[in-house]
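A.B. asks: Before we start, here is the structure in question, set down as structure tokens.
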């Protein structure tokens, strides 16, 4: 069975982003970029399914700038067999990405698509669900456990009240939550091998997809800073402040 | 303008977050219709009809909607959306699950987790884990939006008298089925709507030690949360996690116990009205956002606090 793993190049999660002085966005100049953490979990899950013998081929795909090749190479170093870059300099948004992915799904016909539940830049949490709707596939979002058997996939989902398990017919879309697995690190020999794995480049025009954004960013501001308060000397003082000053208890 | 609000519920009662979504709908303007989809959810529809400012309630009562499966609900909402300019759902795991499906079926973008309405096309929303706030404008004729509940004060649950209309639309994609769920059983208030939240972090040491927080919480009528570090360490289940990847809370009083204050955690609680931090490490970043900080061993301070309240 073939699995498609869409990934995104984003600011490394350790970087504290700063809003640009002109409020047009966040400053990404000379900032370390990396694979979105939820996407790493998606790659790891696909690799584990391959190690279990459930999956035979893993295809990584990214819709983004030429530099996203780096993240696709990382995915291949982690175990993806080949990858596809849909190259664009457009400010890609979930609907456009989902349409491009649908075109790739139509060509590749994977039985499972595993992707991150959200990217840590836009925090949209939309792409997997949109892809599922456009392709008519069922979805198991925010997955903390994935089991494939008998032409179906059982997904345990992290929901607000606890955990929910659903069973989906294949092909299906799964989006990963943090506790699905702990991604491995790529070994040096595997990083070297990944350089020789196939990486196809396509354009949105090749796929017949329009990536024009539907939502424009008017401005970006830094959030309101919270002022540090006071350090109290004792529990008594804390109780007194909460009762008489903050009046919250 | 006309706004469709998707009701969040468990087939028995309306979830309070819906009142916040109606508040966002009011800020957009126009007639407000609430859609209740579920099974045996008539009582929820009656409750929705009483919400202040709601002019109509649609009740889609069908087996296919019992567990809010996104495939079925997403289809239903896409069909019902034909009569509305805006479709709003709560940015809960239910709303986040089906709303992008609806948007894609309508061929429109979704604006996720808005924290403010500027006008009918323009909204504010947090990006980069709350480290930046974007003002975005949608060019689509129809808008599908999820709403961050804690950013909007809920409207009154009473005062309205909308008509309830049964909606006989059964959408069953047949591609997904509900197997089961494990819901946390707790008599304490739900985290996102609690007036007081007490959260424990890695400093708690283990799950048993959370007992001192539960005891204090029960005295104050508070909900109990945890940092990602405490959840990842297996002290408590994931549904207790407060933070960017967990629940976003904004209570009147937030008490962070043994929590260092990673950005991830702060993103989930920094809109709380009053923040108290108890930590033995005076350098912990949590003190930079706390209104009242107490540098102390939590195992001494929490029982003492409990005793003095």
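Easy rule for this one: first residue shown is 1, then count along the chain.
Cβ atoms here come from the backbone N, Cα and C positions, even for glycine.
Just so you know, TrEMBL annotations are computer predictions that nobody has curated.
From TrEMBL, for reference:
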type	residues	note
DOMAIN	B:3-182	domain 'Electron transfer flavoprotein alpha/beta-subunit N-terminal'
BINDING	B:202, B:227-228, B:241-245, B:258-265, B:279	FAD binding site
A.B. asks: When you tally the Cβ atoms that lie within 10 Å of each candidate's Cβ, which of the binding-site residues (B:241, B:244) has the highest tally?
C.D. replies: B:241
A.B. asks: Using the structure shown, find which entry in B:202, B:265 (the binding-site residues) has the sparsest Cβ neighbourhood within 10 Å.
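C.D. replies: Least crowded of the binding-site residues B:202, B:265, by Cβ count within 10 Å, is B:202.
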A.B. asks: Let me spell it out: for each of the binding-site residues (B:259, B:262), count the other Cβ atoms within 10 Å of that residue's Cβ, using every protein chain shown. Which one has the most?
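C.D. replies: Neighbour-count leader: B:259.
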A.B. asks: Going by DSSP, is residue B:202 (FAD binding site) sitting in a helix, a strand, or coil?
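C.D. replies: Once the DSSP labels are grouped into three classes, residue B:202 (FAD binding site) ends up as helix.
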